[in-house]
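Asks: One structure coming up, written as structure tokens, with questions to follow.
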Amino acid sequence: MPPTLPAIPPLLSSYLTLPATQQQPPRLILLTSVLGASTNWLLLRFLHSALASPTPATNTKVIMLSFLRDRVFWVDGAKKLGLDLEKEARWVFLDGLCGRDGVAGLKRELLGGLGKGEGRVLVVVDGVDWLVASAPPSSEAIVVQDILDDIFPSSASGDDGAATTILTLSSLPRPQTPETPLECAHTALLTTLAHRADYVMGLRLLETGVARDCSGVLRVTVGGDGGVEEGEVVYWVGGGGEVRVWERGSRG
Amino acid sequence: MSFRKRNIGLSSPSRTPQSPTQNSTSSLNPTPKPASPGVRPSPIDGRPTTSTGTPSLDALLAGHTGLALGASLLIEESGTTDFGGALLRYYAAEGVVQGHRVHIVGVGEGWGRELPGLVGAAEDEELEGAGKRKRSERMKIAWRYERLGEFGGVVGSRAPPPPTPNRIPLAGSSASTTTPAGASTSPPTAFCHTFDLTKRLALPSPSPLSFLPVAYSNTNPQASPFTTILQALTARLRESPPTAIHRIIIPALLSPALYPSHASQPQHLLRFLHSLRGLLRLHSSRLTAMVTLPLELYPRYTGLVRWIEILSDGVLELTPFPHLIDNSSSTTTTSGAAIAQEDQPQGMVKIHSLPIFHEKGGGGGALSGLGEDLAFTVSRRKFVIKAFSLPPVDGDTDAQQGKVGGGEEGKQTTHCARKFNMADDDEGLEALAELEREASEFNKDAEIDRILKAFRLDAYAVLGLQPGVPESDIKNTYRKKSLLIHPDKTKNPRAPDAFDRLKKAQTELMDEKQRTRLDEAIADARMLLIRERKWTVDHPDLISEAFAKDWREKTKLVLIENEHRRRKQVKGQMAEEGRQKKKEDEELESRKRKRDYEQEWEQTRESRINSWRDFTKKGGEKKKKKIKVLG
């Protein structure tokens, strides 16, 4: 592999670019994964776009809550993209995996971080579906609704506190026919979020099986006036974290 | 007996989340410190790895040639067998031998007494036999992983040491990866040992095993049964010296024999696994975990199992063949048959995700085994995972010639057909010219790769067609593909093999009887899945892609079953033929004996008559004499 692959694949740049000014409405972006096609590489590129783009937006602050991955993982991944999160003061990481805070504590921290920044704020929640998976039955819907309302007031309200938000979650094997409470809650969350999102970037594996030179398929579905184009591309993630993206049929 | 500390409050982790933990990639520029026993750097990125105790499993872990510290492995198993338990025991035994702390969750201490015994290097050498046999065996076993397996090596069982011990080029991995010299230039400490399931491992004293029982609370029956386990694990990791390596083993998670029913509630189980993942990350330089999960009660398509998979780093699924479970008692026939049985795969292995590899995004590095049809074989001394293939049955000419369905055509004919198709067809030549213009060598290689990787019992898969396509499509596809990958038109050494498989698949599909049989198997697989899931035939998920995938997998199993049945039939038929022949021979023999006897009777008539005459003459005199005496 040539080591000169750009950190942000050109085909994805329009999706990865975040609203540049305060005037542009904030976005809700949803990244979905399946087993074997994780959203991590994509999320790292969002971080890169927010914190290390060639024209650094003056004071973008990123508050990131990760339920499924530890801090070291994100720092290492970003380092390979040339982004030193360790020294990055604008990156606030809340550890939902090894940390000791419960959901309530994390929420408080998240909202606290949201309040005091000036300029743009990007909220990232990795594995937001963990909230429903870990909740005792019948309470999950409330928790999720709470969090969503706090982090991302519906775009209609035009609230000042609104921030562009990126959420990642996984889709279950049988999305059409949920049966257990866990499956129902999960599906409800996914559907609600998908309806609210400006666009959904769904990752999945190739239908034809495993290929050496292709890791999976990325589909972008746009809701409302997402401001981006719908489309489907194929991607490959290298061992060193480099990513190649191309359209089906045209080998990159 | 070891003391078990209970009821220790959940303490603050030694490091706050904000301070970066000593991890994986920080070993890319390693500080010189003595390597822990049983730990070596990954040839891909230098992160520390440890052995699972099963060399062929180590070789499958995306080129890291071991389980990365800080990662967990989930082994799922359908049916009621416990092959996964064997993998856990190897993992535990390897930990004991390496001096690691082994924590076993949910089972009694009896589990720890049944660890497989260590095979000494000398004994191993002797048993493995002369180099000749060894080499021939190595040719059979997982040749494609062999170079990976040689990294560091198994004690005694890999004879030729790698020529450059501190930098071994690995297929698919960047050769420039830094391999800290300290670790691999000290060969005396083996990374993976050989164990014997029929022997028992002698445990050192004090025992490195500790058992963490599932807690039942009478006062609060709905309390999480995992709380005390987690507290104990946290405490033990905190109290042990920072250089001690730990292994967590969770056999048969959620098995009703071990866990109360409310253990499967997501808020208990998933929170436990989430905390376990947290522990693994916090102690990412000294902890690994391996879990087995029986799928019978909790199938893979449920949300709960998906979450268990999400919370694990690597997911493998074992699917034992039903026919082996049914006849396990009747397989003890002659010794010859038993030996043949040992080579036979006992089930399929499916890799769903791999540690590190899929977390990054899934690509690059060594893809060993991913997406291939893998099978496992458990014998007395090893658990081997290798590419699936059925050894030919003696005298079963169909299988030996590689022909699945049977028929009059042999390999010879296939080659002739190849020539014939080429020269004869004007249209073909035209198409060929056109194809050659657009099809680069790359496409040919990709197609050859695809054909060889396709499940060979499924002719549709080999041709890359959907089941039920019209005959014209089969002809068309075959023509295109055979022209594309024709061995005369590409230098790829695997082209003849791929071409033969393609031809075979086409022959099978063009034979109405065989095609019907295949279609029936595919339909059977669908019905089996529907029945297993208690669905109706108009269930909405039947058209989903996930179902299509499961269907393909099930089809493989059904076809394997059919193939086994066919082979058994052939065997039975041959035995029957043998008996018939013997009977005929015996009849022939007896008839011959009778004829010979009659002939002899005729020939010796003269002498018999003469001797009778002589006798009567003599006899008369004697009689008279006798009478005289008496009288």
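We number each residue from 1, going along the chain as drawn.
Even glycines carry a Cβ here, placed using N, Cα and C.
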Asks: Would you mind telling me which of B:312-331, B:352-371, B:612-631 TrEMBL tags as region 'Disordered'?
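Replies: Checked against TrEMBL: region 'Disordered' maps to B:612-631.
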Asks: Can you say which of B:154-187, B:460-493 is given as region 'Disordered' in TrEMBL?
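Replies: Of the candidate stretches, TrEMBL labels B:154-187 as region 'Disordered'.
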Asks: Would you mind splitting the compositional bias 'Basic and acidic residues' (B:574-585) into helix, strand and coil residue counts from DSSP?
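Replies: The counts are 12 helix, 0 strand, 0 coil.
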Asks: Can you tell me how the residues of the region 'Disordered' (B:565-606) break down into helix, strand and coil by DSSP?
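Replies: So the counts come to 41 helix, 0 strand, 1 coil.
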